[in-house]
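Here TrEMBL flags A:ASP71 as active site, nucleophile. Here TrEMBL flags A:TYR132 as substrate binding site. If you look up TrEMBL, you'll see A:165-267 marked as domain 'Pseudouridine synthase I TruA alpha/beta'.
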There are 2 protein chains.
Amino acid sequence: MTDDSTPAFFSQSHAPEDRQRWAVKIEYDGTGLVGWQRQKTGLSVQQLLEEAASRMAGGRTVPSITAGRTDARVHATGQVAHLDFPISLPLNPRAVRDGLSYHLKPHPVVVLQAASVDPTWSARFSATRRRYRYRLLNRPSRPGIEAGRVWHVRHPLDVPAMHAAAQSLLGTHDFSTFRAVACQARSPVRTLDRLDVTRGGEMILFDVEARSFLHHQVRNLVGTLQLVGCGRWDAERLRTALEARDRCAGGPTAPSEGLYLVGVDYDPDPFG
Amino acid sequence: MTDDSTPAFFSQSHAPEDRQRWAVKIEYDGTGLVGWQRQKTGLSVQQLLEEAASRMAGGRTVPSITAGRTDARVHATGQVAHLDFPISLPLNPRAVRDGLSYHLKPHPVVVLQAASVDPTWSARFSATRRRYRYRLLNRPSRPGIEAGRVWHVRHPLDVPAMHAAAQSLLGTHDFSTFRAVACQARSPVRTLDRLDVTRGGEMILFDVEARSFLHHQVRNLVGTLQLVGCGRWDAERLRTALEARDRCAGGPTAPSEGLYLVGVDYDPDPFG
C-alpha cells in the first residue's frame, strides 16, 4: 500500500520519535536522466531515490532534499541528500546504503554512504562547500569511451592562460555575468574559493569550489574560460565581463555532460 | 555499388600502385559491441570500421587486419588496425582520420590517428608489443558512472600482495594455465614483460605488457590475482598454478568489461 500524501508523514499514526532523517552520498551517471529534480519529461535522481527509499519504508512516501539540484545530463560522484523516513529503520548505515542501492537498480544511480542524522541537519543548508569538476576532452577526434561524459573541444586550448585568467574570479563578487537568466537565488553575490584549470593528456579539468553557486555558474564560467583558452579573449576581457554584471557580457554555457558534482562538505562530516 | 567479393581487391581493374594500406589507431567503448571480429550476433568493430572505409572508397570492399581481436565488451583506447583500400585515397592523414570517424557515427568507435603505410607493414605482424590495462572498482557500492567499464569487486583487495605475486609471472613461460580452452595459438609460450598492480583510490589498475598474448590471458591473470588479493591464494600457489600448465589450475576469468587495449607498439611507429 502506497501513501503518496505528504501529510501522512506528520500524521498521528507515527510519533515524532519514529521518524528518521538519513543523509546519503550518491553517485550517478546523468546521461539518461532529466537531472536531480522531478520532471514529467523523464526520470530524475530525486524520483529514483525517493522511490527506492519508499520501498524500504513499506510503501510510505519519503521526501528528500538535496545539496545541489543538478541539471539534466550532469553527473555526480559525491552528491549529498537527506531522506525523511516516516518510520525508524531498524538498520545500520551499511544496510541502508545497500538497500537503497538495491532498489535503485538497474539505474546508474548508487548510494555510496548513508548516515543517520539529526532532524535539524540539512543536506542543503548545513553544507559549507560544494565542489564541482568539469571535464573537457581537448583533441581532434570525438570521444569514444567518454561520449556523454565530457565536453569535446577540437581546437587546442591554452591551459595556463585559462588558469591564470580564472584566478581573477576568486573571492566575493557579483556573478550576474555567469548566472542563468532563470536563476532563482535572491542575491547574485557568491564567494568563489577555487577555480583551477589543469591538463592531464587530452583531458582538461576545471576544479571549482564555493559555499554555494548560482544556477549554471560553473558551466558559464567554463564556457567563458574556453574563449580565453582558444585565444579569443584575454584575461582583461574576462575581468571586464565579470564587472559588467550582465549575462550578455559572458561567454556561452558549457554543455552539461562535462559537469560532475564531486563533493559537498559539512562540518562535522556526517559520513566521517 | 558495393563489391563484396575479396578478389576484386586484386582484380586488374586497379593497378597495384592504386592500392593503399592505411594504419589506424582506434578508440572504442565495447559495451554494445560483439568484439573486434565480425559476428552474425551483433555489431563488431571490424564491421563498423570496414563499412566506414568502404564509404570512403566509393562502396568498394576494404578488408582490415587488427593487432588484437578484442572480445565482446572489451574496450580500447589504442587499438591498431590496417585497412587495404583498393584505390589510392587523395587525402592526408587528418582527412582519413576524420572521414573514417565521421562514417563511424553514431557508434562509440573513433579513429584517433591514421597513417599511410607500406604494403609490407602489418598491424598484426609488425607489432612489437601489446599493452592492456584492466580496471577493477574495489568498493562496497556497485559502479554508477563506471558501469560496464570496470570489474566490480566488493571485498577489499590487498594490492601490494597482488603486485608482489604477479612479479613471479614475468618472463618467458608456458602460460597454459592462463590460456582459454578455445585459444588457437600454436604455442602456449609467451614472454610477459610487465604486470603492475596499483591502486588509485577505489580503482585498482592492472597494467600488462607483452609482445603477444594468448586468448583470455590478461583476464585469466587478473581473475587469478584477485584470489591472491582477497587472501584465498598466496604467491606460492600462484607460482604452482603457472607450473601446472593446466587451465584447471588457474583462477576464474575476469569479466571482459574491465579490459582495455591501451596501445600497440611498432618500430618505427607509423603514427610517430
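Glycine too: its Cβ is placed from the backbone N, Cα and C atoms.
Cα of A:ASP71 (active site, nucleophile) to Cα of the residue listed as 'substrate binding site': a distance of 13 Å.
On the 0 to 100 pLDDT scale, the model's mean across the domain 'Pseudouridine synthase I TruA alpha/beta' (A:165-267) is 97.
Counted within 10 Å of its Cβ, the other Cβ atoms near A:ASP71 (active site, nucleophile) come to 19, all protein chains included. DSSP gives A:ASP71 (active site, nucleophile) a coil state; it is part of no helix or strand. The 10 Å shell around the Cβ of A:TYR132 (substrate binding site) contains 26 further Cβ atoms across the protein chains shown. Assigned with DSSP, the residues of the domain 'Pseudouridine synthase I TruA alpha/beta' (A:165-267) fall into helix, strand and coil as follows: 37 helix, 31 strand, 35 coil.
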